[in-house]
Amino acid sequence: MANYFNTLNLRQQLAQLGKCRFMAREEFADEAGYLKGKKVVIVGCGAQGLNQGLNMRDSGLDVAYALRKEAIDEKRPSWRKATENGFKVGTYEDLIPQADLVVNLTPDKQHTSVVRAVQPLMKDGAALGYSHGFNIVEVGEQVRKDITVVMVAPKCPGTEVREEYKRGFGVPTLIAVHPENDPKGEGMAIAKAWAAATGGHRAGVLESSFVAEVKSDLMGEQTILCGMLQAGSLLCFDKLVAEGTDPAYAEKLIQFGWETITEALKQGGITLMMDRLSNPAKLRAYALSEQLKGIMAPLFQKHMDDIISGAFSGGMMADWAEDDVKLLNWREETGKSAFENAPQFEGKISEQEYFDHGVLMVAMVKAGVELAFETMVDAGIIEESAYYESLHELPLIANTIARKRLYEMNVVISDTAEYGNYLFANAAVPLLKEFMTTLQAGDLGKSVAGTSVDNAQLRDVNEAVRNHPIESVGRKLRGYMTDMKRIAVAG
């Protein structure tokens, strides 16, 4: 199979990369109505599979789970989760032929085998759903022409999808219809109903494309969302310990610092995050972030280029064919890092101390978010999509580090995200080694000394932060998410 994106001409590529429209709430007046009375069968019962299914059932849809026969016979975790929650469970052969919508929520690397197994069983005119378009765009999966192919991609982990729904809210969501598979013109109606059934319409839905979702999702998770947090954690911990900081304190400052810092980001963007610093610290964080952007821009651009060309997906799929030898080696190396094995700090670190002693971490977040956003937009991705794949998801990923350090982050994210994370972090750490030697007292582990501030410089920095394009689009999109809750687990 050929990479679908690479079969398109330039005009088609640009059109699909640039497809992005914020949908009005009135467009979801029928909510999940289009799918009521129809049979929805979910393949896969992981975090997204289970939690989307629970939401859809609570929205009045008929939901069942199709699992492999061996998973049922051996009563594997997927079978237990589905049955313990009262869902009907059956084999592919039992359930797929009656399904009006088959939702594939298995891991990326299983998509090809799953889709090839279910396609022959699907009835004429049924629909096939994804929550990530990798199989369609990067693998180039060919789907029967009578089948409608749609995507509903919540911009949060599965657990958050469920928790927000139970609060009567939802999470921001991208929806799309594959242009090669919409024979009856009902793809958008199906996608809208599915998104509403998960609660996404209450938080904001972007009409996107499979191409835009995949290329932006890969870029975000590889760079700022996971790769930058991993590289930053390793670099900052080693720097603190090398300068005599108690390893336990250093570990806690970093483990919970990302979450505390990005909670401000979630509530008020980069502007609020920077406003949590003293004026001297803000000026220093801005200067550091500009240095970081200059150093890292080529690395961000290389990742975007490799994602657009298909070089990234080709390399990762080659590793799949070798039983994940690279992925597993990188995972083992991360587990052996000093940060992952540092003792726990029993003392208290106040919320403000995370900012005061984490000026470099604030700078890393600012630089990473802006670079990811700018690089995606330069590649033709619309600003709203770039926002969701950079700034919006960052607090959720930081929250996983607060739970069990980098191990937890890499367990929670997909194997695709984990592979890309290691690629980026393994390049970023040596790239930033020299920069780390230039840090001043007060950049990390201590507060910035001095109180002198140049008014004109502070004015210019404030204006530069607030006028960055990601802040403009962020203010608009956060307006649709006013019911957000704090996700901090607090250290």
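Cβ atoms here come from the backbone N, Cα and C positions, even for glycine.
Swiss-Prot names Glu389, Glu393 for binding Mg(2+) 2. Of Asp217, Asp238, Asp246, Asp275, the residue it gives for the same site is Asp217.
In terms of DSSP secondary structure, the domain 'KARI C-terminal knotted 1' (209-344) contains 114 helix, 0 strand, 22 coil.
Separation of the C-alpha atoms of Glu221 (Mg(2+) 1 binding site) and Ser414 (substrate binding site): 10 Å, rounded to the nearest whole number. Fewest other C-beta atoms within 10 angstroms, among the recorded positions His132, Asp217, Glu221, Ser414, are seen around Ser414. The predicted model assigns the domain 'KARI C-terminal knotted 1' (209-344) a mean pLDDT of 97. A Cα-Cα distance of 9 Å separates Asp217 (Mg(2+) 1 binding site) from His132 (active site).
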